[in-house]
Amino acid sequence: MALRRPMVAGNWKMNGSAQLALELFNKFATKLQDDSAEVVLCPPSIYLESVRQQLDANKDALNGCLVRMGAQNLSQHDFGAYTGEVSGQMLKDSGCRYVIIGHSERRRMYGETSDIVAEKFAAAQKHGLTPILCVGESGPAREARRTFEVIAEELDVVIEKNGTMAFDNAIIAYEPLWAVGTGKSATPEQAQEVHAFIRKRLSEVSPYIGENIRILYGGSVTPSNAADLFAQPDVDGGLIGGVSLNSTEFLSLCSIAMSA
């Protein structure tokens, strides 16, 4: 069985501040104990520099703890007249290691199709970034028992455009749309069922990828339900939304992941 290091990725969405970055690192420096889990902060692009400054300032205090920086989105284009967009190279220059791709809010609010998501996935890897690919079903799709069908379609488009081995440098986040920002989380059993399906799906085309890829759960993860979620055999941590804005609760999730 592969030893997959747990990850807790905080997606601030359009929230946060330079002060939040300071608060988080003040607690990381004294509370994070080891490198048994990886912590990723994904602030709005305007605060990437604030997070980077805190990473540099606390390098010694973190003492080898794995705290990384990620972005919430990127353009599928390398450069050009795309007002308001940020390229993969720009994110790499800013110190990012990860980037969230295909979040349900991007798909729903900004019309990002699976084809666009696949292009962004490729753009991230082209510039040395590890994509955190989000997949998940809506409430009606779950009620219609189409969960596996929807997720398979979202995965297959990325595989068709980028090849299976592209997932050798990628993270997957399962985020059921009916749980994102609603306060209603999937049960540990529901999460495990879908994570196991994703792993099996990838194993069919590459046993190595299926065994080794990290699959995060995203959807109203809190300190009260994280231990049961993270204890599932195919759940390798969480993509955290609202709780990532509370330094105390986010640190609690990091500690839970480290002991999972």
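Glycine is treated like the rest: Cβ placed from N, Cα and C.
Among SER220, SER224, SER255, SER259, only SER220 appears in Swiss-Prot as part of the substrate site alongside ASN11, TRP12, LYS13, GLY181, GLY241, GLY242. Excluding ASN11, TRP12, LYS13, GLY181, SER220, GLY241, GLY242 themselves, the residues of that chain whose CB lies within 8 A of the CB mean position for the substrate site are, in sequence, ASN15, VAL180, ILE240, VAL243, SER244, LEU245.
Note: the Cα of GLY181 (substrate binding site) and the Cα of GLU175 (active site, proton acceptor) are spaced 10 Å from each other. Secondary structure at ASN11 (substrate binding site), as computed by DSSP, is strand.
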